[in-house]
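What TrEMBL records for 17-132 is domain 'Acyl-coenzyme A oxidase N-terminal'. Positions annotated as domain 'Acyl-CoA oxidase/dehydrogenase middle' by TrEMBL: 134-245. Residues annotated as FAD binding site in TrEMBL: Thr138, Gly177. Marked as domain 'Acyl-CoA oxidase C-alpha1' by TrEMBL: 278-439. TrEMBL lists Glu424 with the feature active site, proton acceptor. Per TrEMBL, domain 'Acyl-CoA oxidase C-terminal' is recorded for 480-660.
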Amino acid sequence: MEGIDHLAPERSKSQFDVDEMKIVWAGSPHAFEVSDRMSRLVASDPAFRKDNRPMLGRKELFKNTMRKAAYAWKRIIELRLTEEEASMLRSFVDEPAFTDLHWGMFIPAIKGQGTEEQQKQWLPLAQKMQIIGCYAQTELGHGSNVQGLETTATFDPKTDEFVIHSPTLTSSKWWPGGLGKIATHGAVYARLLTDGRDYGVHGFIVQLRSLDDHLPLPGITIGDIGMKFGNGAYNTMDNGVLQFDHVRIPRNQMLMRVSQVTREGKYVQSSVPRQLVYGTMVYVRQTIVSDASIALSRAVCIATRYSCVRRQFGGKKGGLETQVLDYKTQQARLFPLLASAYAFRFVGEWLKWLYMDVMKRLQAGDFSTLPEAHACTAGLKSLTTSVTADGIEECRKLCGGHGYLCSSGLPELFAVYVPTCTYEGDNVVLMLQVARHLMKTIAKLGSGKRPVGTTAYMGRVELLMQYQSNVQKAEDWLKPNFVLEAFEARAARKSVDCAKNLAKFSNPEEGFLELSAELVEAAVAHCQLIVVSKLCFRFIEKLQQDIPGKGVKQQLENLCIVYALNLLRKYLGDFLSTGCINAEQASLAGEQLRSLYSQLRPNAVALVDAFNYTDHYLGSVLGRYDGNVYPKLYEEAWKDPLNDSVVPDGFQEYVRPMLKQQLRNARL
């Protein structure tokens, strides 16, 4: 029934202040105010309608995306929104678009890699949307291996120009968002060839299309790479293919902040440290981690609300059946994902601090924390996106058959999100980068130089190799030190085991290839420890000073313990085989986990309400705030174009003759 909050009984069970938790989730009162205002602005505007997206054909879908992007920009100008507000508004429009790469990659590339003069030339045009850029790095034949890119930029000293060329089919730029149909310019990455030498991959600003008629410039072949996974989903984005046939650009369109080519063709390093380029990478990966928490929290919100609405079995003598969320099997699958959403949100906040700290140090000429920061952001990007992609699919399953409907919002959410496991670094490749950092850290332990940052625990490796948990009762697992020590010991032992096995190989690279699966496991253990240590406990300790409400603190502590103990149970083989805990202690962890599920149960709906998502942003009939699921599911079914007619088009032509045929001779 309209106007009735079917989830009100669930909200009345809450044991904490939801408004207070909304601020914790947002990060600050200011961030909450901006987020709340922008989300409601988008939700209240019919121009941003998205419920019909899965039913649109590709051309109509893309035209609709162009309309929304243009309208969003119009509103940003009319309302004189700040950069923060504009970014929020675009995110709540919730549609992958050509503008994503313009703001998220093209502009940061100019800021991070362009000289002051280049920034003055290009940023005003880009920030006013007078040019639209993309980030053209990935090629048909190379993605993760950036150093293997084949596109060339050969300097011609006679004309003071670079000649951009695609020498092979596999050198075609492939995948850049916004490239296929819209981008006028690109930050193009190519091998710099000058003075008879190959200086590796560098960035160049290249105009791709005419600003008059939007046609590709001479020597440029450009188009869309085709349909992608899912209905609607990422098909709103014009991922492109691009080939260059000896395209000439002025020398000053090489991004020259860290290195230049002189008029005579000499390659010169600038006084700006090359390591500054890595700051952009840290920034992008930090953003991806924050986005992981948002995507996972959306799926968890849908599954949690629907699990309270849905009832199956258990009804006695005509009474109500049992709410699905009351089943322990549902709780054991859903609550760890709820805990992960909160944990990833906090890890995203911590990574923002890490990014600012790294940039401050780099500008001061201090590069000491860069390797650790690079490994940390690479690992957390891999960890959070893998868990989120799997978590969204698990939430779909948690919603039963109805979760498979496009109107549930979950199929499209999954289809839009899952590419994050491969873009900006394949997740397995990134974990191998983390593993290399861990092996280098262990190799340096004998030098007397103590590890810093997230690898600081390695400085106690001798103690951790001897560690045996002292947990004696289930409640001991609520104590942070018991959990942290177990995770530290497990991570240290897996890394040390890999280092010992690597030492058996005469060729370290051969050993790394042979042991790559075990090295990935060690890297995962390290990254899980980062989340547990930095966030589930130390971040909570920081919050203790800022949060007045005892109920909010208790819920956050419960979520953090659930996150940690669920990992312990999921990777129980690691903890047992490395001797960190014994079988009885593992059983006690399971007992405590079940107890925490019971404590989270009455607060579940309030905990997802704290995400403060509008029904428009969730885009899910199952996850509606009011819980009015079944009438709306029925209503949505009749909106499908297939129901425009009672008898479907083509029935008279194909099916009716089949029904009317004579079957006397058929052996049926």
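Heads up, the Cβ atoms here are built off N, Cα and C, so glycines get one too.
With a cut-off of 8 Å on Cβ pairs spaced 6 or more residues apart, the domain 'Acyl-CoA oxidase C-terminal' (480-660) and the domain 'Acyl-CoA oxidase/dehydrogenase middle' (134-245) reach fewer than 3 such pairs and are scored as not touching. Within 10 Å of the C-beta atom of Gly177 (FAD binding site) sit 25 other C-beta atoms, taking all shown protein chains into account. Note on Glu424 (active site, proton acceptor): other Cβ atoms within 10 Å of its Cβ, all shown chains, come to 21. The domain 'Acyl-coenzyme A oxidase N-terminal' (17-132) scores a mean pLDDT of 95 in the predicted structure. Per DSSP, the domain 'Acyl-coenzyme A oxidase N-terminal' (17-132) is made up of 90 helix, 0 strand, 26 coil. Its Cβ placed at the centre, Thr138 (FAD binding site) has 20 other Cβ atoms within 10 Å.
Between the CA atoms of Gly177 (FAD binding site) and Glu424 (active site, proton acceptor) there is a gap of 12 Å, rounded to the nearest whole number. The distance from the Cα of Thr138 (FAD binding site) to the Cα of Glu424 (active site, proton acceptor) comes to 10 Å.
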